[in-house]
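J.: Take a look at the following structure, please.
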Amino acid sequence: MADPIRWARYRWQQLISTEGGESSSSNNSTNKCYQSSKTVGKHRIVIPCLGHFKEEYEKVSKLYMNNKIQTTKYTLLNFLPRNLFEQFHRVANLYFLFLVVLNWVPLVEAFQKEITMLPLAAVLTIIAVKDGLEDYSKYKMDKQINNLLTKVYSRKEKKYMDEYWKNVSVGDFIRLSRNEIIPADMVLLYSSDPDGICYIETVGLDGETNLKQRQVVRGYSEQVSEIDPEKFSSRIECENPNNDLSRFKGFVEHSNKDRVGLSKENLLLRGCTVRNTEAVVGIVVYAGHETKAMLNNSGPHYKRSKLERKVNTDILWCVLLLILMCLTGAIGHGIWLSRYSQISFFNIPEPDGKWIHPTLAGFNMFWTMIILLQVLIPISLYVSIEIVKLGQIYLIQNDIDFYHEKTNSTIQCRALNIAEDLGQIQYIFSDKTGTLTENKMVFRRCSIAGHEYCHEENAKRLESYQEMDSEDEDSADHQCGTSIHMSKWQGHNCRALNETLNRKSLDQLPGSSPVLVSENGAGDVPHSGHVAFSSPIETDVVPDAQLLEKFRQISSHSYQQSEEASSKLSLETMYITDFFLALAICNTVVVSVPNQPRQKMRLSPLGRMPIKSLEEIRQMFQRLSVQRLSSSPLPSVKESSSESPNSFVSKLAIFKTKLSSPALDGAAQRAAEPHNTDSPENSQVPQELEMVNVAAGCEHNSAVSSVELPKLCYEAESPDEAALVHAARAYKCILQSRTPDRVTVDFAGLGSLTFQLLHILPFDSVRKRMSVVVRHPVSNKVVVYTKGADSVMMDLLRTASEDNKNSEMEQKKIKERTQKHLDDYARRGLRTLCVAKKVMSDTEYAEWLNHHFLAETSIDNREELLFESAIRLETELTLLGATGIEDRLQEGVPDTIQALRKAGIKIWMLTGDKRETAVNIAYACKLLEPDDRIFTLKSQSRDACALVMSKILEGIQKNTSANKKPSQKLGNVSASPPTQTPGFSAGLVIDGRTLEHVLHDSLQNIFLELTEKCQAVVCCRATPLQKSVLVRLVRNKLKAMTLAVGDGANDVSMIQVADTGVGIMGQEGMQAVMASDFAVSQFRHLRKLLLVHGHWCYTRLTNMVLYFFYKNVAYVNLLFWYQFFCGFSGTSMTDYWILILFNLLFTSVPPIIYGVLDKDVSAEILMQLPQLYMISQKSVAYLSSTFWLTLLDAFYQSLVCFFVPYFTYYGSDIDIFSFGNPINTAALFIILFHLLIECKSVTWIHAVVLVGSILLYFIFALAFGAAHNPPSNPYWIMEKHMTDPVFYLVCLLTTCVALLPRYLLRVLQGTLFPSLVLRAKHLDRLTPREQREAIKRWNEDCAVNSRVESQATSGASS
């Protein structure tokens, strides 16, 4: 049964991230869904098809879609008409269809009717076959998905029955078992978990491997037994289908009219996988194409490359040229006929005996010439461009340099039509966290109650820390008994479930579905790797000695005495306690057991009940063992054998000592515990702390717990949360379990504290903070713990009051000292967070809860109401402290940014961090250089912002207005961009509040003028919306090519707006990757992607496009010149078949090979000389002048190709086809050898294709001439010419004369005035030593050039 599950998971990932062209069908289904929703009304009402709802269900169910999905475009009946209809949306295909129809008109017929249809039929057939094969593969996948089985409640059988996914409907009750995939969006009504929790894995939707908690609707979680669908008497009202994965609004209305609000926490989404829960039951609210997963599958967003737009423009020029040539032919034909005083013998009358007037004959000839010269518009160019792009993408994806060993990933090219845009990027907009940095958050410093704790020992560890090899991480050396636990738990170990026990437990469930039970349990997850944010460098925290000493004072108080002693504790000690409680509680971290992953950690009754005797302890252990055997896999033989009776008794002895004497001092506790003499920190760190496992995100509960519980794994949704929880753990404030209604923390000597979890107010980009509301187990008061950015938190702190001035003065001092520490952390490049709390009375809480309940149960404007509710709660806070977390730079980031800057690319860093942190990282990654002049834009109003920008512009202009010394002629491109004086580099730093002002319409122009003069821009505290607005502003106003790169969901809008979007496959899921055009695993891969592949793709494709224009114009002009000698009659000196196949077959493959494999400069040189990127960036290879010069050369070559044979055979009695054959053959040689001249690198593949094209032409001409082929019948023409020496002489002379100017131009260009590309190409021929020296001189010349101009500028300024 593993295959259906494995395939289904893979298929869902494909559905969400597919690059197939299925947008139209998806859009159609989306439109259907919204139409069906509108017929119901403003909201959706969901009722079961049971009991008294049956009649109403029959009416409502007809309006909703079933669960059958169809991602295909076509059926057998509509394939041909629909495919042709879609293909004729292309203007080029319509143009050639018009020519085909025109050729069927007798008056203007130029070719045999079937011949004219051949090119169009060939192109349409190729594309139709491709579309058909793609659609058939989707059909097979859809069929397999639709025929998967799930358990649906049958009203006839009164039990759950196996049913196909496609037959599931809105209102059905579905029962799922562990590891099953959810078939439709459903509201969770029952979970076998006692706390009403269900864990789901959303990797199929957003790529995130961490578990997400979903909980049963309030009021249903208290059920002892499984919900009975027959007794379900409530109705659900929710919002209409939409594609927002992070939102679900609705409520359940019971029969007594009571309402319970619904949120995304109650919704199980189609495509997710149920984990760690034996059974869940839900009612379907969205099915099929109305599910959120399918609504997000709108197909790839189509982007047109800049080159494609340029090609379309030039094709219009070719159309104008064609019209001009046809007008010439029409006028010439009319004049030619009018010169005859009598009716000429070749002028055939109409059937009615009348003669055609010369003017009308000229009009008819215009359309005949259109048909004759149709090849001028290159129909094969579009197909060739697609093939070349596919070849380029193939080469990019198979570049071994993009492979990242640690993540076992390589580059993904998700957009096939914009590869050449990589070579023209002018602006890069980059996220910071996870893009420039590793997104591995390391706890470095903290400030509590105004006192800073530097954690020097932890800093020393980090400095000397080196990541283990993957081999070391995979091995787990588990030491049991009295030794210190230092096992390294790796993710795939954390994911392995015991096969036998899992299958047994699943089989024992009544009504479990066998179709989705995997043979390997959870082990068949397609992805592999460790738990996110759990590498040793993130989880290992060495406590600060000073802070640890203060912790010992807290641990000297027992849990029973803590409530009485709390008033006697110093203010600082209370701050420390609350600070670390906030770190442990204020998050959404999931706690699970590593040796049975995807199983949540729930404290047994052992940890919650007072224990008085050793006998009770033994009984508790027995009950715990029974509980584990019923819900967990059996331990391995190695693990069970290593746990000796002596070690077990010793643990019990320690446990009894702690319980019987809770007030033992630190020395007594250490004496009672096993001692480790090998610990380097033994003299400073208490033994309880050493008992904490600090490896790979998993831990042992310390000996201060009620019992030594299994190890814990922390699965966080963000690395910041994981870092803070691990920091709290290092100080023995250990998060032990989390359920929807409580959080349990083991806090040093205070024992296990269970907080009633009342509310979680999640983080959002507007509030920039998150809060949890709990009831404190000691004081029994409602406490709000909040953490967030200091820019917003400092404004929410409690203000002075007359009642308690001393306390308020102390708070003011704490705020001032903490702000200083925050600024210091930011200057060090650390990420900062403020931690605060608020104690509420029951009256205050009840009043707030009343408003919050109304917000939760509303459907319309729920987000606004919840936002207002959170704002109302998060006021009058008491500042506890702040944290500083380090996020290290990725490998190779500084070198990459430096190279991109030398390539003339401007880089903007858009981050949500503090200004000081962002600036520090900008210097570290060389986005800002020490010599750069940094301007900070910060203002509180729009007018002030305009004034500041004007002053900054004046300051920059003072440095750039001096007389510039003429740049010396050096063999390179200046490293400085053209918009800025070399030697003077400016950087701009702007914060989020000021961004709101500069993005106003009145300030956009001056802001862009300012940024154009800056080499780098750093935007701090920027929201996701501001990021996308900035990218769109630069793209639209400056008409610049933009690239946006990010790794998280907050970067998606920016990535989609940019010309090219790049996603980083980081630790924050795959949202950015799914929205991107290209996905890489490291930022440093951008260097080769742009400087090498971007340069190659652009130059190859532009050269191929120009060659296509040259080839078609040169060949068509041969027919045009012939018209001057045949009375503009529209006849051809070449057989129609050869005429059509010349472009379609004989000369089509060489330019494709040229476009895929040509290499002007090697990758090594392009990487070392970033300045070469400016050639493609400025479109040097495809300027308007280049296009017209190419056409001019084509005209010259066509003149030579026609008139050399013409004058050779002038006066002879040669027939028309014998005259046309040497012209056609010479044209073939000219066009192919022209390509050979233009090739920068010739391989054996080029040689084979060129020789093969020539041989194919001669073989076809000989075979065609040997047969009888009416009506043209070029019988034995090629055979006769092959024996005629004049034929060879004509071909040789014509080819040499035609290509001589271009060849001489290339020779002179390479010797007298070589281009930068030619100079760089010359470096490839040098020895490695000579090459290094030449590159060094090249870069030195560039530096000298900048320095000289800088001195000249500064001297003139002074």
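The backbone N, Cα and C atoms fix where each Cβ goes, and this holds for glycine too.
Feature annotation from TrEMBL assigns domain 'P-type ATPase N-terminal' to 55-116. What TrEMBL lists as transmembrane segment is 91-109, 115-133, 315-336, 365-385, 1105-1124, 1136-1157, 1180-1207, 1219-1237, 1244-1266, 1286-1305. Positions annotated as ATP binding site by TrEMBL: Asp431, Lys432, Thr433, Glu721, Phe763, Lys787, Arg831, Thr911, Gly912, Asp913, Arg1021, Lys1027, Asn1050, Asp1051. Residues or ranges marked as Mg(2+) binding site by TrEMBL: Asp431, Thr433, Asp1047, Asp1051. The region 'Disordered' feature in TrEMBL is assigned to 665-684.
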J.: Quick one: largest C-alpha distance among Asp431, Lys432, Thr433, Glu721, Phe763, Lys787, Arg831, Thr911, Gly912, Asp913, Arg1021, Lys1027, Asn1050, Asp1051, binding ATP per the record, in angstrom?
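T.: Comparing all Cα pairs, the maximum is 24 Å.
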J.: May I ask which of the binding-site residues Asp431, Phe763, Gly912, Arg1021 is closest to Asp1047 (Mg(2+) binding site) if we compare their C-alpha atoms?
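T.: Among Asp431, Phe763, Gly912, Arg1021, Asp431.
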J.: Residue list, the transmembrane segment (1244-1266) vs rest of chain: Cβ under 8 Å, 6 or more residues beyond ends.
T.: 1135, 1137-1138, 1141, 1145-1147, 1149-1150, 1153-1154, 1157, 1221, 1225, 1228-1229, 1232, 1235-1236, 1274-1279, 1282
J.: Do the transmembrane segment (1105-1124) and the transmembrane segment (1219-1237) share at least 3 Cβ pairs closer than 8 Å, excluding pairs fewer than 6 residues apart in sequence?
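T.: By the criterion, they touch.
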J.: For the transmembrane segment (1180-1207) and the transmembrane segment (115-133), does the number of C-beta pairs under 8 Å, pairs 6 or more apart in sequence, reach 3 or more?
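T.: In this chain the transmembrane segment (1180-1207) does not contact the transmembrane segment (115-133) - fewer than 3 Cβ pairs sit under 8 Å.
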J.: Minimum Cβ neighbour count within 10 Å among the binding-site residues Arg831, Arg1021: which residue?
T.: Arg1021
J.: Looking only at the recorded stretches 91-109, 115-133, 1136-1157, 1219-1237, which one has the largest tally of CB-CB distances under 8 Å to the transmembrane segment (365-385)?
T.: 91-109
J.: I'm trying to understand the geometry here, so how far is the Cα atom of Phe763 (ATP binding site) from the Cα atom of Asp1051 (Mg(2+) binding site), in Å to the nearest whole number?
T.: 16
J.: Which Cβ among the binding-site residues (Thr433, Asn1050) has the fewest C-beta neighbours inside 10 Å?
T.: Asn1050
J.: Sorry to bug you, but what's the C-alpha spacing from Asp1051 (Mg(2+) binding site) to Arg1021 (ATP binding site), rounded to the closest Å?
T.: 14
J.: What mean pLDDT score does the domain 'P-type ATPase N-terminal' (55-116) have in the model?
T.: 81
J.: Fill in the CA-CA distance, Thr433 (ATP binding site) to Asp1051 (Mg(2+) binding site), as an integer in Å.
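T.: So the alpha carbons of Thr433 (ATP binding site) and Asp1051 (Mg(2+) binding site) sit roughly 11 Å from each other.
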J.: Return only the integer: C-alpha distance in Å from Arg831 (ATP binding site) to Asp1051 (Mg(2+) binding site).
T.: 18
J.: In whole Å, note down how far the CA of Asp1051 (Mg(2+) binding site) lies from the CA of Asp431 (ATP binding site).
T.: 7
J.: Distance check, please: Cα of Asp1051 (Mg(2+) binding site) against Cα of Gly912 (ATP binding site), rounded to an integer number of angstrom.
T.: 11
J.: Are there residues of the same chain, six or more positions away from Gly912 (ATP binding site), whose CB falls under 8 angstroms from its CB, and which are they?
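T.: Non-local contacts for Gly912 (ATP binding site): Thr433, Ser765, Lys768, Ala789, Gly992, Cys1020, Arg1021, Ala1022, Thr1023, Asn1050.
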J.: Around the Cβ of Asp1047 (Mg(2+) binding site), how many other Cβ atoms lie within 10 Å? Please give the count over every shown protein chain.
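T.: Within a 10 Å radius of the Cβ of Asp1047 (Mg(2+) binding site) lie 30 other Cβ atoms.
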J.: Which has the fewest other CB atoms in a 10 Å radius around its CB: Asp431, Asp1051, the listed binding-site residues?
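T.: So among Asp431, Asp1051, the binding-site residues given, the one with the fewest Cβ atoms within 10 Å is Asp431.
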